[in-house]
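Participant: Okay, here's the structure, questions in a sec.
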Amino acid sequence: MSAIAIIDFGSQFTQLIARQIREMDVYCEIFPSNISFETISKFNGFILSGGPQSVHDGCSEASGVAHEIIKFNEATNVPILGICYGQQLICHYFGAKVKKEFKQEFCKTKIKILKESSIVKDVWNVNSEVDVLMNHADSVETAPQGFTVIASGVINQTIAIVANEQRRIYCTQFHPEVKPTANGSKLLSNFLDIANCKRDWTMKSIIEKQKEKIKNVVGEKKVIAAVSGGVDSSVAVALTYKAVGKQLNCIFIDTGLLRKNQTIALLEEIPVNYVDKSNLFLSRLKGITDPEEKRKIIGNTFIEVFEEEAKKIGNADFLMQGTIYSDVVESGHASGNASTIKSHHNVGGLPEKMNLKLVEPLRYLFKDEVRLLGKEIGLSNEIIFQHPFPGPGLAVRVIGEVDEERVRILQEIDEIYINTMKNYDLYDKIWQAFAVLLPIRTVGVMGDGRTYGYVCALRAVTSFDGMTADAFPFENKSQHSLIFWDFLQNVSSIIVNNVSGVNRVVYDLTSKPPATIEWE
């Protein structure tokens, strides 16, 4: 299978490079800049990402692997693409002067294509002016020996693309992986062609390869899984079940903090052991208001209950988790060709004393790929396209102390909010929507009487990966705006007229950053 190694020097856009390449049916992995070259020497090509560093900072550890890749290119002619800081590293290595700017350039700007190159073939014509996104503090003043300037900035004549066709080394000062760059994905596609990558990274191939890996490692032994009903958990369970069948034992723990009437809707043939521990969780949360303390109590209690249920199954050697690639990258564990199955090391908070090996069938898939895989397996759209739900459940959406009554109120609000949203055909246009119950009461009037009830906040955001988010529908000046305002008026009326104890509804307009998506 063809594969590209992406060396991450800290760019906020690195995952976008990987997503674009994956969408072109080519496998790629992201590695930290301190990775040993031996780990990545078998890849078909290398991309050096952008980053906040400067070649003048003397970051020997960061530049070390880049230098080894360039030396490897000299011996093998393996293709290299340097983006932003990656360009500066490459050009600096070959002796070009890299100028340290006093002011960072972060904007959409125009470049002019000056010469033909295989990296811009059928993407941009010579003499054409192209919109690109620049995000850099340093710039390359002169092309290194053996390199040709392919494009430069229209306004400031910054070297935008350089290429050494003989060595198959290409560099861009701009970011081809982001949307402001016109046809940037086609430039990346050209690089894949230069690297002779086969377009064979498909959902069918992923399923078959992962099934084979799981079978080979698990053998005839038992696997246990704590299932939540979320997208990642459900897809991981379905894929693992297809590999080992009834060797997989699924446990669903009702914490009392789930959505109203929440159940696990997996493939019909997958058995699930339901355990109701709602009274235990709620009793341990009594009097607790700090969100971190709530999370800790829920996590520890969950581990305790899961251990008890695992002992009932007995003789399990493997624990399955729905870890996905963004979890791995963001936690700093994207290093080396880690196997899909590895020794348990307290991922997810489960204690080492359980002595289980970890099965992570989705470890190298992004969220959008997980959804596609779930569809290929046969899971329903209701499972695949559901909104994210926090691990601690409604405990972090009931602000302040959590008790059975407040959870009940929030469950009622949540059900009305989500169902009404679906009736307005808005649910699939929103990345995440939920309600929050606030620990304050306000005065209201219903009929001829005074009320003193809770305030609930509604939140709906659009996002690509949850790293940033905008309040719906303000990032999208479309017909959805008018529909959404009508929806908000209607759903707030339904809530206050049907949920006892609530007399006021507010809407959260804050983007991320500065706020987080969840309130706690």
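Cβ atoms here come from the backbone N, Cα and C positions, even for glycine.
Swiss-Prot lists Cys84 with the feature active site, nucleophile, giving sequence analysis as the kind of evidence. The active site annotation in Swiss-Prot covers His175, Glu177. The annotation ATP binding site is assigned in Swiss-Prot to Ser228, Gly229, Gly230, Val231, Asp232, Ser233, Ser234 on the grounds of sequence analysis. If you look up Swiss-Prot, you'll see 3-200 marked as domain 'Glutamine amidotransferase type-1', on the strength of sequence analysis. Positions annotated as domain 'GMPS ATP-PPase' by Swiss-Prot, on the basis of sequence analysis: 201-386.
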Participant: Quick one: of Cys84, His175, Glu177, which active-site residues lie within 10 angstroms of Ser228 (ATP binding site), measuring between C-alpha atoms? Sequence order, please.
Facilitator: none
Participant: Hey, how far is Asp232 (ATP binding site) from His175 (active site), Cα to Cα, in Å?
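Facilitator: Given the Cα positions, Asp232 (ATP binding site) is 30 Å from His175 (active site).
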Participant: Which residues in the same chain, at least 6 apart in sequence, have a Cβ under 8 Å from the Cβ of Gly230 (ATP binding site)?
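Facilitator: In sequence order, Gly322, Gln386, Pro388, Phe389 meet the Cβ cut-off.
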Participant: For Glu177 (active site), which of the three DSSP-derived states applies: helix, strand, or coil?
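Facilitator: The residue in question, Glu177 (active site), is coil (DSSP, three-state).
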Participant: Which one is it, among the active-site residues Cys84, His175, Glu177, that lies nearest to Ser233 (ATP binding site) by Cα separation?
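Facilitator: Closest recorded candidate to Ser233 (ATP binding site) by Cα: Glu177.
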Participant: Taking Cα-Cα distance, which of the recorded positions Cys84, Gly229, Val231, Ser234 are within 10 Å of His175 (active site)?
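Facilitator: Checking each Cα against His175 (active site), the hits are Cys84.
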Participant: If I take the alpha carbons of Val231 (ATP binding site) and Cys84 (active site, nucleophile), what is the distance between them in whole Å?
Facilitator: 35
Participant: Counting across all protein chains shown, how many other Cβ atoms sit within 10 Å of the Cβ of Ser228 (ATP binding site)?
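Facilitator: So the number of other Cβ atoms within 10 Å of Ser228 (ATP binding site) is 20.
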Participant: Glu177 (active site) has how many other Cβ neighbours within 10 Å of its own Cβ?
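Facilitator: Its Cβ has 27 other Cβ atoms within 10 Å.
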Participant: For Glu177 (active site) and Ser234 (ATP binding site), what Cα-Cα distance in Å is obtained after rounding to a whole number?
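Facilitator: That comes out at 30 Å between the alpha carbons.
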Participant: Gly229 (ATP binding site) to Cys84 (active site, nucleophile): how many Å between their Cα atoms?
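Facilitator: Rounded to a whole number, the Cα-Cα distance is 41 Å.
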Participant: Excluding Ser228, Gly229, Gly230, Val231, Asp232, Ser233, Ser234, please set out which residues of the same chain place their CB within 8 Å of the center of the CB atoms of the ATP site, keeping sequence order.
Facilitator: Val227, Val235, Ala236, Gly322, Ile383
Participant: Tell me, roughly as an integer, the mean pLDDT over the domain 'Glutamine amidotransferase type-1' (3-200).
Facilitator: 91
